[in-house]
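First the structure, in the form of structure tokens, and then the observations on it.
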């Protein structure tokens, strides 16, 4: 990928100099991909990207609207950006992302500093939007969230240069009672395989080693576009891309884990023995209230099947504590389910009431109950995670180097196959004296111990270094005021 401007837009300069644009990106990895895509579009049409708010002529806030805390964080970021417009160099404020389809008009009414609203299906027009507002227009570019958008254009990575998220679809056809994503992102739309593989090749050419495959519902991939599940075939195609070393799967709906998909995990070395399965609860009664199409017994059988077919598979899941209708007995069933499944990594979230959802209209549990149940579930999982980590002691694992560790000279930090970036812990390891390891190197590490959610180890001798990921010109081009994880 080149970062040279292709066709400069009329609004890309002010007084003979390039317009500088700063980004505030909030929410999940899927939102981050949208931000990276907007940055790529603007850079290739003559704009400069800055990560300093005081330098920005234009600020773009890519919002998250998934839960109340994320919405409040987004509003706070918009208000802080508005201060730069009223007191600083900033001339224009753009609000994009998940809050726009649902709350855009309200935001524009309450925060007059907002010059433009950009819907979740309208990112390809970000250059026109910025040019328009710099020409004195107020712009509302909000298409139907179901509009088909293919992100088959250049991105500028906001992740370290060796790792990239690869979004294979947009939207979701599930109707979970607690979830507002279909209201913000529309129905599921799969990207064509050719488009995804082309992007993977470009990312590999930039030095990316690890692809993290994401969407709102990854295992639904292909059912709309090809009328059959196509995730397994897509993974085989991605595994043929030179330069890619690891392929990691996230957001896998459990009822669509096929034997073909499991076979790809077993037989394709690049597809990691790692699977993210958002299961949400362990009580059948609560699962019915949530409108989830499976039951706890089926989930447990799936976990057992995966561990039988892929003995060292690392499983991650997410759960909701305090959902409307959840009794103390239901919650105890959730704890029992966690103990039975023994997931390697778990995120437990206190239920958040969302406007426009079925669960949002039900009688709500007190906030203190929801928070207390979340904390109890995480206490149970913490001990499980420690036991699962202990199983890695004595093994020699391939580790992707991320940098030096603050533990001291000769110590480095990286991740193994069972650790997704930013959420699953790391490997802290010691290398032989004088070892020159760089981010993106792959090394063999013998695991010697466990520290909380992290693994400890020593690089084996002779040290095996498998090349170096290319450094990016702009590793972190996104201006972060705050970041919701």
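Backbone N, Cα and C define each Cβ position, glycine as well.
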Q: Return the residue out of 90, 98 that Swiss-Prot annotates for the same [4Fe-4S] cluster 1 site as 28, 64.
A: 98
Q) Which residues, sitting 6 or more apart from residue 98 ([4Fe-4S] cluster 1 binding site) on the same chain, put a CB under 8 Å from its CB? A) 27, 31, 63, 64, 65, 66, 120, 184, 185
Q: Could you find out if DSSP has residue 64 ([4Fe-4S] cluster 1 binding site) as helix, strand or coil?
A: coil
(Q) So if I draw a 10 Å sphere around the Cβ of residue 176 ([4Fe-4S] cluster 2 binding site), how many other Cβ atoms end up inside it? (A) 19
Q: Using C-alpha atoms only, work out the spacing between residue 28 ([4Fe-4S] cluster 1 binding site) and residue 176 ([4Fe-4S] cluster 2 binding site) and round it to an integer in Å.
A: 19
Q: Tell me the Cβ neighbour count for residue 64 ([4Fe-4S] cluster 1 binding site), meaning other Cβ atoms within 10 Å of its Cβ, over all protein chains shown.
A: 23
Q) How many helix, strand and coil residues does the domain 'MTTase N-terminal' (19-135) contain under DSSP? A) 62 helix, 24 strand, 31 coil
Q.
Counting by DSSP secondary structure, give me helix, strand and coil numbers for the domain 'TRAM' (390-461).
A. 1 helix, 34 strand, 37 coil
(Q) Radius 10 Å, atoms counted are CB only; among the binding-site residues 28, 172, which position scores highest? (A) 172
